[in-house]
Structures are given as C-alpha cells and as structure tokens.
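Some features that TrEMBL has for this protein:
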- SER73, ILE121, LEU144: S-adenosyl-L-methionine binding site (BINDING)
- 38-49: compositional bias 'Low complexity' (COMPBIAS)
- 58-91: domain 'RNase L inhibitor RLI-like possible metal-binding' (DOMAIN)
- 95-221: domain '16S/18S rRNA aminocarboxypropyltransferase Tsr3 C-terminal' (DOMAIN)
- 1-52: region 'Disordered' (REGION)
- 225-256: region 'Disordered' (REGION)
Amino acid sequence: MSGRNSRKGGGAARYRAGKSRRNYERTFAQRQNELTIDSSDSDSSSSGSEARYSPKFPVAMWDLNHCDPKKCSGRKLSRLGLMQHLRLGQKFSGLVLTPVGINCVSPSDREIIATSGVAVIDCSWAKLDETPFTRMRSSHPRLLPFLVAANPINYGKPCKLSCVEAIAATLFICGFRLEASWYMSKFSWGHSFIELNETLLNKYAACRTSVEVLQVQDTYIEEERKAKDKPKNYSEFYPKSSNEEISDDNSGKEND
C-alpha cells in the first residue's frame, strides 16, 4: 500500500514538475517574443527619429581637398550618406556658404533652404587666394555671422568653423533647429558647438533680415570688446581688515 502511494505520489510530483517546466518554457518564449517586439519597436522608433530629424532638402559640398581627410567633418558626413558631393563647375540652386558671399545668412533664407537646400565650400582659410570660387556657382551665396568654433582643431577661434558647424549654424538660424542638432550629433564634440554659441544663435534666429543679423553681431562684438577692456575690480577678493591685528591691539590694552 505504501509502495503504491509512493509511486502515485512520485507520478503526481513528476506531472507537476513537467507542467511547471512547460509553463516556464512558455512564459520564457512569450517573454522572448515580447523582447523581440520591443526591440523591433525601438529600432523602428530610432529609424523614425532619424527620418524625422534628417532634412528633406539637399545638403552638399564642394570638396577642394585642402584638409586632412581623416579630420574633415564634411567627408565624414559624406561617408555617412548625409552630404552630397558637387563637382567644380556644377551649379547649386540652393543657399551656398562661401567666403565670397555678400549677404549674411538670416531667417529670410528659410524658404530657399526648404526648397533647394544648402551647400558649403570645403576649403582651407590659408588657401582662399587659390580657391576657384567662380567655378562653384549659386544664385544665393551667403556669409555666416560671428560664431566661435568648437571643433577640436580650431576650438574657441572665431569664424573658423568646420563644414558641419557651418551647415548646423545656417540651419539653426533659419529655423531648422532639430536638423541642426541632428547633424552635430554625428560628432562626439558636436553638442559643444550649439552650447558655446547658443546665446548668439538664438539672437540671430530671432532676426528677420541680414541687416538685423549684422546689427546683432556688431552689438555683441562691441559689448565683448568693452568687457575685455574694462579694468577688473578685485576688491571683493582681498581682505578689508585683519582680525589678527585687532586682537593683538586688544590683548595689549588688557595687559596694560
């Protein structure tokens, strides 16, 4: 009797163990499926985010091969498929950032960028005299206002922007802020550019015309010059009196 009960009990235990294992396996399989779905949704969300912030207009450059290919931000963007290459002699119908521009970038250029895009001339500041600007034609040549570089080569230097900084600054000023941040996010140091120039970029973006942008620029430069030339007052950093001398005087009187 006890033997039969023992075998019966063992069978029930094995049944419960098998059922528990199957439930565990089913639960684990369900969780795997959920993780797969979550991962798929995450990838879809990520790709959706990329699609949302990537510009719907062309972004291009003329590359004059003046800089180190390993350090060129324009070439990195090109490798990522985010920058089109233009040939010398090829005309670009959108806005072009060029040292030979006359007007400054302003929010009034937004429609030009939205419909025809933006391009930059990737050339060395040291080789401007030998750069064939006449072979890089556009109906909308533009200059950038005063900004400070954040790229590792020219960090802190005014106006020495890299290709991606020039593109991002133009996009930010013209109202494409998400696209500007998206481009800068492709570089480990990219966030520094907008942080370093945020006050100026916001002021430029609040303007309407190139004339207003230049007024903001000139006012900022003048204020910075005055602040630099203003004598510094260090009075708050040095002591006004000595407690030690006072205590010494008092101790002398007590002794008298």
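Numbers here mean position along the shown chain, with the first residue as 1.
Yeah, the Cβs are placed from backbone N, Cα and C, and that goes for glycine too.
Keep in mind the model is a prediction, meaning the values are calculated, not measured.
In this structure, LEU144 is the one among the binding-site residues ILE121, LEU144 with the smallest number of other Cβ atoms inside 10 Å of its Cβ. Binding of S-adenosyl-L-methionine is attributed in the record to SER73, ILE121, LEU144, and the widest Cα separation among these residues amounts to 18 Å. When pLDDT values are averaged over the domain 'RNase L inhibitor RLI-like possible metal-binding' (58-91), the model yields 77.
Those same-chain residues not listed among SER73, ILE121, LEU144 yet with C-beta within 8 angstroms of the centroid of the S-adenosyl-L-methionine site C-beta atoms are MET61, GLY74, LEU97, VAL120, ASP122, LEU161, SER162, CYS163, VAL164, GLU165, ALA166, ILE167. Long-range Cβ proximity for SER73 (S-adenosyl-L-methionine binding site), meaning a same-chain Cβ under 8 A and a gap of 6 or more residues, is found for ASN151, SER162, CYS163, VAL164, GLU165, PHE187.
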